[in-house]
Amino acid sequence: MEQRGWTLQCTAFAFFCVWCALSSVKAKRQFVNEWAAEIPGGQEAASAIAEELGYDLLGQIGSLENHYLFKHKSHPRRSRRSALHITKRLSDDDRVTWAEQQYEKERSKRSVQKDSALDLFNDPMWNQQWYLQDTRMTAALPKLDLHVIPVWEKGITGKGVVITVLDDGLEWNHTDIYANYDPEASYDFNDNDHDPFPRYDLTNENKHGTRCAGEIAMQANNHKCGVGVAYNSKVGGIRMLDGIVTDAIEASSIGFNPGHVDIYSASWGPNDDGKTVEGPGRLAQKAFEYGVKQGRQGKGSIFVWASGNGGRQGDNCDCDGYTDSIYTISISSASQQGLSPWYAEKCSSTLATSYSSGDYTDQRITSADLHNDCTETHTGTSASAPLAAGIFALALEANPNLTWRDMQHLVVWTSEYDPLASNPGWKKNGAGLMVNSRFGFGLLNAKALVDLADPRTWRNVPEKKECVVKDNNFEPRALKANGEVIVEIPTRACEGQENAIKSLEHVQFEATIEYSRRGDLHVTLTSAVGTSTVLLAERERDTSPNGFKNWDFMSVHTWGENPVGTWTLKITDMSGRMQNEGRIVNWKLILHGTSSQPEHMKQPRVYTSYNTVQNDRRGVEKMVNVVEKRPTQKSLNGNLLVPKNSSSSNVEGRRDEQVQGTPSKAMLRLLQSAFSKNALSKQSPKKSPSAKLSIPYESFYEALEKLNKPSKLEGSEDSLYSDYVDVFYNTKPYKHRDDRLLQALMDILNEEN
């Protein structure tokens, strides 16, 4: 009897422990005394319901018609448990379509977590804005900036365009911001008033929004800080991160004054901890949809989102529903070395890249700071998104009739892979577009984007269509460790119907997947023409047993392809954790695109060197002229070099001129020492018997040609750097293409010796 009592006690204790563990998961969520409800009867019906059921009506939620926020008169301000009985009573009312109690959402600002210049402006930090203007004199070196100066030279500086920064507030009286501040684009949803001024504290925690706004709209030529990308645009601030964040607050922020605001810039999202899967709530999702349909007088609001800083945590931005949305332009980062920085995340939804911080020795981003100060240490994808927003403001000034989808097409068609080509993971899709999970379609090129957007030649893209592909007879498929599930998906892309698609934009794979360890899943989707895309990579920190429920994995990697044919979905678990198990419950493939090919895509995309268009003191040179000059490029010592692809007769004719027509050893060594102070000490070249000994021009061009070819690495996928293998960034000794070129030349010198 005594033994039986002891057994019962142990069982009860074990049950209690399990109950506590399950409760602790829910306890993380803090519910607030706010209810959101959709009430088709409008304000009058909402007021009546509030009076009858004991609520205070707080008002309409943002720009969402028939959506209202209520506060219960007798409920506590916060609670660990949801008030299901109150929610049920509200949702059971025949006048209410749905109701939901609001809860706190964890949102992280996407700055990095701690673990002689053009004489155009008198702003003291202009010379440090390397990403806006290239300070180097030599035209042969690759560009480092975003090509904004040629746009400014046309008189396009963001005039008439309104951008609002959704963040922790805006120090609107800052000397470098005040002249461009727009109160109609500003609100404080944390304190519910019209002043977005940030809360000061000892740590300057709330500097984030002011820094992001400064990147966009710092004044030019006012002897303060630096220069904004769109320095004549108007900027506002939405204070919404310095307090409790709910779905209603996010929706109100995303949908704030959409008839006035053109561009919304957001550098935040769910925690970048490598284990969170979260996206917009019901209200925020509706705010996005309302914005693209009704914003900017029907042309659609432009939503710019930072792709995330969870790289060190092994995070994947496909698990972030904000960057993974078809309505946002997701922006990643590149360092001044032209590399993917340590904090950047990889995913198939990233559309493009702008510059930001990299290694600790790299330069960072300059902007305004709290207390009317300046900073040169803004970092992370937080700093990349506002630069992109500023570039889009330049495009909207040039062509105010651009739609939200026009802007995405412009980004896809003009972003450049050449300055980032030394990174692994580049692939050409079925439409001839270069794309990468780290960088999207490449580095933003302001001049190319604005030129293509010219209202005299640009044609708005055709109406958006949506085609849903699913198998109504699909039976759940089991998946275990070291196993895989392959699903063949044939489709005619709604051919013969009004929503037929011939040219793809976004692709969404919506799935419910039950699995014992979510982070061990790997999902790839291969298009009908063979473009393979990683929709989900493994996340070591994600030990959740919750899987995915109706989660949309979004990809832009098949942009421009014809979707007709058989697609292949592959879900695997190669973790080796034999206890893992689960199943694929259901899925559907959602194709977004157009029934006819957009005008600008009727000719293939032509990629040229990013240096083709100069935008600094070297002057602006027409692309066609540069192309014509290529067969007679000058060598480093001023003489002519014959390109490798010249005819054999021309090559033979110059054999006798090699000594005078190719770089000398002395010149190349001098060149290297100019770029690497330690080069001579690390690598002492042998004495040359002849100062006139030169490198054959064939070898010189071989060195150049090798720059864009990824090296092989043992153990990597297919003996090449895989799109999702980070070892490249840990093993490459030369971080910039300049250094790699110089090293290649020095290798040739050593071989000659």
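Yeah, the Cβs are placed from backbone N, Cα and C, and that goes for glycine too.
Keep in mind that this is a model prediction, so the values were computed, not measured.
Taken from Swiss-Prot, the feature compositional bias 'Polar residues' applies to 633-651.
Among the features that Swiss-Prot reports, domain 'Peptidase S8' is placed at 129-450.
Residues in the domain 'P/Homo B' (460-597) partition by DSSP class (helix H, G, I; strand E, B; coil) as 3 helix, 72 strand, 63 coil. Positions annotated as domain 'P/Homo B' by Swiss-Prot: 460-597.
The feature N-linked glycosylation site is assigned by Swiss-Prot to ASN401 (among others), with sequence analysis given as support. The 10 Å shell around the Cβ of ASN401 (N-linked glycosylation site) contains 12 further Cβ atoms across the protein chains shown.
The N-linked glycosylation site annotation in Swiss-Prot covers ASN645 (among others) and rests on sequence analysis.
Positions annotated as region 'Disordered' by Swiss-Prot: 633-663.
Swiss-Prot lists 1-27 with the feature signal peptide, giving sequence analysis as the kind of evidence.
In the predicted model, residues of the domain 'Peptidase S8' (129-450) average a pLDDT of 94.
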